[in-house]
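Peer 1: The compositional bias 'Basic and acidic residues' feature in TrEMBL is assigned to 469-485. Taken from TrEMBL, the feature domain 'Major facilitator superfamily (MFS) profile' applies to 13-485. Residues annotated as region 'Disordered' in TrEMBL: 457-485. The feature transmembrane segment is assigned by TrEMBL to 54-75, 82-101, 107-128, 140-160, 172-191, 212-231, 251-270, 277-295, 336-354, 369-394.
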Amino acid sequence: FRMRLPEWATFTSMALLTASFFIMMMESGIRQTMNVFAADMTKQFACDQNTALMIVVVLPNAASLMTGPIAAILYNIFGARVTITAGSILTALGFIGATFITSIYHMIFFSILIGLGCGMIRNAVISVHCEYFPIEIRNTTISFICIGPGIGIFVFPRLFKISLDVLNWSMAFYGIAILYGICGAMGLFFSKCPSRKKTLCDIFGLGIWKHPGFIANEFAAFFASTTAMVYVSKTLSWMKSENVENPEFLYSYSGIASIGGRIILTILLGLKVPVGILMIFSYIFGQLAVPVAAFCTEEICFGFQNAFVGLGSGFYQTCLSPYLMHYLGPELLSSAFGYTNLINGTAALLSIFLTDKVSSLLEGEDSEFIFLAVVGVLSCLCGALSFLLFKIFAKPGLKVVKKHIEVPIENGRSLPEQQSRLLNGNTQVVKHKTTDSEDLRDAVREYIRKCTLDEPPTTLDEYANDMGRPMDEETRRRLTGDSDE
């Protein structure tokens with residue numbers, strides 16, 4: 001007896017899945033734990049704590065998110081290899097350059113450079129999975145690589161703390177630059193490019209703004225990012241105000257719980273649990289756990305609070321890409337992810353200012369926690385509304401066909417007849433044993449899907465141009481359903 005592996009489980013695919021996991025672990029894990037360096041930045045630049053947090057936490061995270069559309073455009077034009085490598089170089093240069101400066105304004109520039117590089121890496125790594133894995137496994141692979149940041153959030157604060165105790169922040173930044181250099185080396189192996197875009201509207205992904213479900217999702221993302229950034233920036237100070245020992249250790253609980261949340265969500269997606277329902281639960285866990293810090297005074301309480309925030313964060317970060325891909329389609333994933341990151345970055349940039357402003361207006365001891373509770377509830381409501389709108393309205397570019405419309409294509413066949421032959425011949429494609437069998441099977445599925453668009457390809461050669469692949473005789477035979485005879 002010999003177990004037969006699925007055709008997508010090749011050595012190349014598994015190697016790229018592993019590389020994606022480690023790239024995500026280093027990119028997001030490092031970026032989200034930079035608050036460990038806030039105290040050193042305060043001494044280095046003689047500034048207050050909020051300014052230090054702005055430099056090492058808010059600016060890199062906000063820049064990595066706000067440059068999402070730029071990252072999406074670069075991915076749509078150049079592909080994952082160029083985008084990941086260039087992003088890694090920019091990030092490494094940002095960390096290296098930060099060790100030579102003495103002005104806080106120069107540090108701001110390098111923080112933004114770090115954020116831009118991170119945004120390019122993250123968008124390309126997630127989007128390129130649509131090119132390597134078939135649709136039935138795509139959600140699981142994307143959620144799997146999103147486990148990496150949770151491990152990074154758990155590991156890197158401890159490594160940074162050790163490096164600060166033994167060495168200094170400059171040497172830690174050199175080590176981080178080396179890690180991002182490794183990310184760039186891994187990015188060289190991502191050879192596939194996205195389907196070619198024909199218009200500027202396709203490249204910029206402007207069509208997604210026509211969908212009310214996506215608009216509601218952006219409001220939910222704005223509110224969610226506000227609470228998340230305030231939590232990342234101020235959770236250590238909240239614990240220190242209650243005289244909690246080793247707040248960095250308690251903060252790492254969120255990383256542990258985030259790993260658990262990501263693993264649980266990966267399993268649930270593999271079990272075909274509706275991604276929209278999982279998205280709503282991610283909002284509930286992550287958002288409503290943040291203001292609970294107002295009631296925490298002991299280590300054990302802060303430990304549970306950090307754990308629930310991490311669980312919700314793991315759910316959200318793992319679920320976001322499959323959620324957008326499921327309701328908008330793989331062609332719009334990079335653009336949708338980029339615009340969502342832009343909204344998240346805008347919220348992150350404004351989060352500290354808004355929280356401090358509202359707290360000063362309310363003039364209460366727990367005013368900032370009340371504000372965070374209100375924002376968290378709004379995030380949950382907008383998330384639920386987004387799910388409902390996605391269920392009601394069709395994907396952008398699709399139309400519901402109730403009647404068979406006779407559209408002639410190659411070989412004299414009509415569109416319904418062609419689709420029927422493609423579907424009936426799919427088992428033959430699966431059994432095809434040449435080295436190009438996986439590409440051919442994906443090509444058949446993609447062609448069937450494209451025939452449901454408002455402007456389907458009218459010839460196989462036009463379809464080949466859309467896919468960016470040659471139309472050889474073998475591919476033509478498989479697409480038309482012709483037999484070997």
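Every residue, even glycine, has its Cβ placed from backbone N, Cα and C.
Buried or exposed, and what's around them? Tell me for each listed feature.
Peer 2: Model confidence over the domain 'Major facilitator superfamily (MFS) profile' (13-485) stands at 76, taken as the mean pLDDT rounded to a whole number.
For the transmembrane segment (54-75), the list of distant contacts is 31-32, 34-35, 37-38, 41, 45, 47, 82-83, 86-87, 104, 107-108, 111-120, 122-124, 127-128, 194, 203-205, 225, 229, 232-233, 334-335, 337-346, 348-349, 351-352: same-chain residues at least six beyond its ends, Cβ to Cβ under 8 Å.
Same-chain residues lying 6+ beyond the ends of the transmembrane segment (82-101) with a Cβ under 8 Å from its Cβ atoms: 23, 27, 71, 74-75, 107, 110-111, 113-114, 116-121, 123-125, 170, 173-174, 176-178, 180-181, 183-184, 186-188, 190.
Sequence-distant contacts of the transmembrane segment (212-231), counting only residues of its own chain at least 6 positions beyond either end whose CB sits under 8 Å from a CB of the stretch, comprise 57-58, 61-62, 65, 283, 286-287, 290-291, 293, 309, 313, 316, 323-324, 327-328, 336, 339-340, 343-348, 350-352, 354-355, 368, 372, 375-376, 378-380, 382-383, 385-393.
Below 8 angstroms of C-beta separation, residues 29, 33, 139-140, 143-144, 146-147, 149-155, 157-158, 235-236, 239, 278, 282, 285, 303, 306-315, 317-319, 322 of the same chain, each at least six residues beyond the ends of the transmembrane segment (251-270), sit close to that stretch.
Residues of the same chain lying 6 or more positions beyond the ends of the transmembrane segment (369-394) and with a Cβ under 8 Å from any Cβ of it are 211-214, 216-217, 219-220, 223-224, 226-227, 230, 276-277, 279-280, 283-284, 287-288, 290-291, 293-294, 327, 354-355, 358-359, 362, 400.
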Peer 1: Using Cβ distances below 8 Å and needing 3 or more such pairs, separated by at least 6 in sequence, tell me whether the transmembrane segment (336-354) contacts the transmembrane segment (107-128).
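Peer 2: As far as Cβ distances go (cut-off 8 Å, pairs 6 or more apart), the transmembrane segment (336-354) and the transmembrane segment (107-128) touch.
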Peer 1: Where else in the chain does the transmembrane segment (140-160) make close Cβ contacts, counting only residues six or more beyond its ends and a cut-off under 8 Å?
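Peer 2: Non-local partners: 17, 20-30, 32-33, 36-37, 125-126, 129, 133, 172, 248, 251-252, 254-256, 258-263, 265-266, 269-270, 310, 314, 317-319, 321-322, 325.
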Peer 1: Which sequence positions outside the transmembrane segment (107-128), separated from its termini by at least 6 residues, show Cβ-Cβ distances below 8 Å to it?
Peer 2: 20, 23-24, 27-28, 31, 41, 45, 55-56, 59-68, 70-72, 74-75, 79-80, 83-84, 86-95, 97-98, 101, 142, 145, 180, 183, 187, 190, 192, 194, 321, 333-334, 337-338, 341, 345
Peer 1: Given a Cβ distance threshold of under 8 angstroms, which distant residues of the chain, six or more beyond its ends, lie next to the transmembrane segment (277-295)?
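Peer 2: Non-local partners: 220, 223-224, 227-228, 230-231, 235, 238, 261, 265, 268-269, 301-302, 305, 308-309, 311-313, 315-316, 319-320, 323, 366, 369-370, 372-373, 375-377, 379-380, 383-384, 386-387.
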